[in-house]
């Protein structure tokens, strides 16, 4: 029964992550209408519909480029950049608070609250008629993501306490994020074209509602007494100064910078440098979904066979990202540019799949095994990259050039890869060094410990 319940909870979390990423991407065909309305033009969506990137805890990163329509003034460029970055900005601000709250009240209630906020955000998108409402809906999504994504990933780490089950479960969540990035633009575009702009959002709102109801059935708030004696988690500020956690957080932020910075810039570069057509620009990132899922699968299998080499998989991923980033400016046609972009997404999959379970392991062996704050730190790392991308990347390209941007991002990843050697000895530590396990070996002293022991035996 416990095993079946945790599988259903994994399904709830995967659907929440899928919805969060799809909600970001479904807006793609609608942006031109608002741009035209702001210019006093009209409201027709053409083939130049943009696609934006998405950043969140556990990995809400998109695999499609952000292609902003040419604006008649710099102010509109700023507005669109701020719109795409507003979600990550709010997550960046809220995550320290959400992580602390999750550690205090448990994982299920914040996950339910996050789903409720995402439902409200989706409904707001459906009925938005101007830029201000759209900005409010995007910011509201960031608030929901700060709770749903962080609590969901932390819940997976808590319920799947042993390896390799934990790596498999987190890898499944990352694959759902990738699938959401791939499926959302055609899903939103087709429904928007034939049924109107509200229909894709209403469909997502219904799925979000069903996901929340399933969570209520599986883990009703206050339904078990397990959280009454839940140990007090380590404060987030103490986790932030842990050198091992800081190394992992830095790697997560650094490896996502190429994706976050290329999304809003590569489309214009392709048009200027190789005369790429609209369909080529639109399909540039779609093939990258498959190496991303392959990277997740390969890392999960390697982690199961050689769990002490998690640091090496992350370092290898960063080296691949660095080399691929440096190759992007050398591409001269559509077929060539796909190869380094696939390499970037493959490397990101290696880093994320290897290091997300490592964060939970570090908490187990060095702190109290409560995971809300540590995955809030991971979400902050992602949000830093994706908040800066839509705003900063264009300015760097304008002042320094596209080639210099890619070389800088590639060099940063290659130089950071050896830093993960710092994790080598940590990954070889035994979980029995954990304070929680030592206490449990002495026998349960409270309801929470008793329930955890029964789950571990099951």
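Each residue, glycine too, has its Cβ placed from N, Cα and C.
Database features, via TrEMBL:
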DOMAIN    9-428  domain 'Major facilitator superfamily (MFS) profile'
TRANSMEM  7-31  transmembrane segment
TRANSMEM  109-128  transmembrane segment
TRANSMEM  140-157  transmembrane segment
TRANSMEM  169-187  transmembrane segment
TRANSMEM  199-218  transmembrane segment
TRANSMEM  239-262  transmembrane segment
TRANSMEM  282-304  transmembrane segment
TRANSMEM  311-331  transmembrane segment
TRANSMEM  337-362  transmembrane segment
TRANSMEM  374-397  transmembrane segment
TRANSMEM  403-423  transmembrane segment
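Simply put, out of 109-128, 199-218, 337-362, 374-397, 403-423, 374-397 has the most Cβ pairs sitting under 8 Å from the transmembrane segment (239-262).
Counting Cβ pairs closer than 8 Å and at least 6 residues apart in sequence, the transmembrane segment (403-423) and the transmembrane segment (140-157) reach fewer than three and form no contact. By number of Cβ pairs under 8 Å, the transmembrane segment (199-218) is matched best by 109-128 from the list 109-128, 337-362, 374-397. Non-local neighbours of the transmembrane segment (140-157) in the same chain are 9-10, 12-13, 16-17, 20, 23-24, 56-58, 60, 86-91, 94-95, 98-99, 101-102, 107-108, 110-111, 113-118, 120-121, 124, 166, 169-170, 173, 356-357, 359-360, 371-372, 374-376, 378-379; each lies 6+ residues outside the stretch with a CB under 8 Å from one of its CB atoms. Only residues 6 or more beyond the boundaries of the transmembrane segment (282-304), in the same chain, are considered here, and those with a CB under 8 A from a CB of the stretch are 47, 51, 62-65, 67, 163-164, 167-168, 171, 174-175, 178-179, 181-182, 266-267, 270, 276, 310, 313, 317, 334, 337-338, 341-350, 352-354, 357.
Taking residue pairs at least 6 apart in sequence, the transmembrane segment (337-362) and the transmembrane segment (311-331) share three or more C-beta contacts under 8 angstroms. Looking at the domain 'Major facilitator superfamily (MFS) profile' (9-428) alone, the prediction's average pLDDT is 82.
Distant neighbours of the transmembrane segment (337-362): 58-59, 61, 63, 153, 157, 163, 166-167, 170-171, 174, 178, 242, 244-245, 248, 251-252, 255-256, 258-259, 262, 266, 270, 274, 284-285, 287-296, 298-300, 303, 310-311, 313-314, 316-321, 323-325, 327-328, 331, 371, 374-375, 377-378, 413, 423, 426-427, 431; these residues of the same chain sit at least 6 beyond its ends, with a Cβ under 8 Å from one of its Cβ atoms.
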